[in-house]
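Asker: Below: one structure in structure tokens.
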Ligand code: SAH
């Protein structure tokens, strides 16, 4: 079985090279080709001895995703990447170009086990976790299309290409804990992508012990976004079923402990659903929770999913809800799902292509931060 070279960290690669009697400095060269120059074939590693390349290619794979489609939104601000895995499944990433930032939204699982009632990611079949290599290959492949590798002329424009990575595609990152953490360490390492923790956001539905472990493991450096969606137990039980196991009170106590250790502010994501969680009382409840930990709130107007019987709020309702939060001193941004015209709702394109039948092709949503113009 060949291993995925992108999943390997510096120490592991050095150990491997030593066992083959190659000098350890080759490890950084190899990782530089992978994570900064974003190569997809061994042949592109120009400064390595043929013998080493031979050993590497016998035992490992440099690329495991096949890029199938890359539709762009009409306004060119977002682009979707549909990849096929080696075992023939589809996953998606999204590139969002906005305000000088190039953000990649990555998937962490094929499907999702959390079954949030309004999210189509959990409606299809759960297939498997992605590997760390599959997670970061999404970033490299997107980066590569941004600035093609310029071998030989000494210029490397790819270094600054991707500025932010958000774990908000398909799947629950903390339900694929080891691969997510490994991917994040590679994104942050100087021998990896060299991204600062503030440029990485992990979004979770609230698996409390995993959140606590995660904050510890990344030393509080990575941004944390909590999918709250309601400040009421009963409503949250319906929307986010994991709430039955890790309820709001426990989640809030845990976050109160954590926010002191976190070097970044916490964000609450709040999918606004008409008649469900958009009343003035709901706004007060949300403001109360947000103010307890000085959290910022991202409102995501519900993006209709065929199988779920919920209503999107009108723009006026979104505005009213945000105004109520702001009145209570909460910082609010509104998110839009990226590029509806390219099915940027994460997973949508995947399900159209996935050879899973017996489903009417639910629409999966990846909500990407998309700051609308300020609410007047
Ligand atoms: N599993 C992670 C990532 C999910 S995707 C999590 O739960 O946080 C990122 C955000 O999009 C989550 O807040 C998710 O609840 C939200 N989302 C999912 N489906 C949506 C839909 N149909 N409309 C609006 N937001 C949705």
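The backbone N, Cα and C atoms fix where each Cβ goes, glycine too.
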Asker: Given that TrEMBL lists 171, 172, 227, 228, 229, 303 as binding S-adenosyl-L-methionine, which residue among 203, 253 does it place in the same site?
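Answerer: Among 203, 253, only 203 appears alongside 171, 172, 227, 228, 229, 303 as S-adenosyl-L-methionine-binding in TrEMBL.
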Asker: Among 171, 172, 203, 227, 228, 229, 303, recorded S-adenosyl-L-methionine binders, what is the largest CA to CA distance in Å?
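Answerer: If we measure all Cα pairs in 171, 172, 203, 227, 228, 229, 303, the largest is 19 Å.
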Asker: Would you mind listing, in sequence order, the residues at least six apart from residue 116 ([4Fe-4S] cluster binding site) in the same chain with a Cβ closer than 8 Å to its Cβ?
Answerer: 122, 205, 227, 229, 239, 240, 241
Asker: If you average pLDDT over the domain 'Radical SAM core' (98-341), what do you get?
Answerer: 92
Asker: Would you mind reading off the Cα separation of residue 92 (active site, proton acceptor) from residue 171 (S-adenosyl-L-methionine binding site), to the nearest angstrom?
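Answerer: With distance taken Cα to Cα, residue 171 (S-adenosyl-L-methionine binding site) is 11 Å from residue 92 (active site, proton acceptor).
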